[in-house]
Amino acid sequence: MADSNSVEKGALPNVSRSILTQVIRANIGNAKIQGMEKELNLIGQRFNIAVWVFNLGYLVAGVPLQTAFKKYGPKSLCVMMLCWGITVIGCGLVKRWEELVVCRLLEGIAESAYISGAAYLIGAYYSKREYLTRYVFFCTAGIVAGAINGFLSSLIAKMDGTAGYGAWRWIFIIENIFTDFFPSSVQGCVTIFVSMACWPVVPPFPESCTFLSPEDKALMLARIQADGGHVSEDEISFKKALHFLKDWKIWAGVAMNLGVTENANSLANFQPTILKGLGYTATQAQVHTIPVYLVGAAFSVIFAYMSEWLNRRYLFYVLGWAVLASGLIVEIVYPTNPKVRYMGMFFIASGCYLAMPISIIWASMNCGSGYKRAVAIAAIINFGTAGAFVSSNVFLFREAPRFRTGFSTGLGLACMGVGW
């Protein structure tokens, strides 16, 4: 269809440029093994607190900021990017662990509606059947960012002591600048200027887009609205948002996503620590995270396309769960074999990155349109982040590198999710 082809050339590339900034989300795990733990005296559960406080801000602010995104439009994504860019640089400049906690909380608030906002924006241009593969393309950017993160961290480790800063500080500072200029292809710009540079490339909602002809735009809007998609003439209130949250389908989606999110966050935040505990050096641990993310990305894309082609969602969600569960069982059963445990991480990544986008899209597409869909996406993503609270408290460092409690909890939550 002409309108679909035009959207592929217009909206999706621009959305993609605006969402490739996800490297910074996983960099606290890499920073930890490059000296942050020692310099900030992250004894006991202090590192875990710095991890879960991000999710506290993410959880609390997600739905309110998502409704603001729907009201004020996609350009607000640039504002979010600017705000969290500032907080991430702050993480690299802190002197005490309490300051790190504050920066992480503010980062979580600033980032809380970015993923759900971008997800809604993509869905505004596509029908239900087209949505999954486009959203997986979006998610794959974040997965590949994890691989880039490991590669950059291994290089930045060599900057230890430069300008009086430890390597872990440069991980926050340099990677933040890198990920903010990469989407807009502007070399050498600091975060604030790059966030402004992203402003013109973020597409508006379909009714205001300029890259489609009037005929194509009318055809696309009619097709999306007939499919129960984006609604431009829609109002929201606090009471109405609470009413939306009474829909059981939203909470089924939250339950499905919670178990997957718990395991995805465990992988992002604790994989470098686990690898180092298995005998790898800090730099080797960074490098060994790269293939895990790349294989997970490929697995996600291939099977998401199969899901769309066969028009089957739950079947492939169960496949993702089965692969994830296999990886968790490997980690539990073979705690002292580094090679086998490394293989288990491939299974965990592949299962998570297939099940996660399916759980979000499948559930939210069945919850309505307009503001209700916006609230549903935010609730499923942000309340599902409660799984990250769990992961940051069950990976007990006295159990390192086995982390039996962490992996067993992840397996239990994954089973709960597939039961829905």
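Count begins at 1; order follows the chain as displayed.
The backbone N, Cα and C atoms fix where each Cβ goes, glycine too.
Because the structure is a prediction, the values reported are computed rather than measured.
Per TrEMBL, the feature transmembrane segment maps to 47-65, 77-97, 135-157, 290-307, 314-334, 340-363, 375-397.
Highlighted: of the candidate stretches 77-97, 290-307, 340-363, 375-397, 340-363 has the greatest count of Cβ pairs under 8 Å to the transmembrane segment (314-334). Between the transmembrane segment (47-65) and the stretches 77-97, 340-363, 375-397, Cβ pairs under 8 Å are most numerous for 375-397. The list of residues near the transmembrane segment (375-397) in space but at least 6 beyond its ends in sequence, with Cβ under 8 angstroms from a Cβ of it, reads 44-45, 47-49, 51-52, 54-56, 58-59, 62-63, 65-67, 112-113, 115-116, 119-120, 123, 241, 244-245, 247, 249-250, 253-254, 257-263, 265-266, 269-270, 359-360, 363-364, 367-368, 403, 405-406, 409-410, 413.
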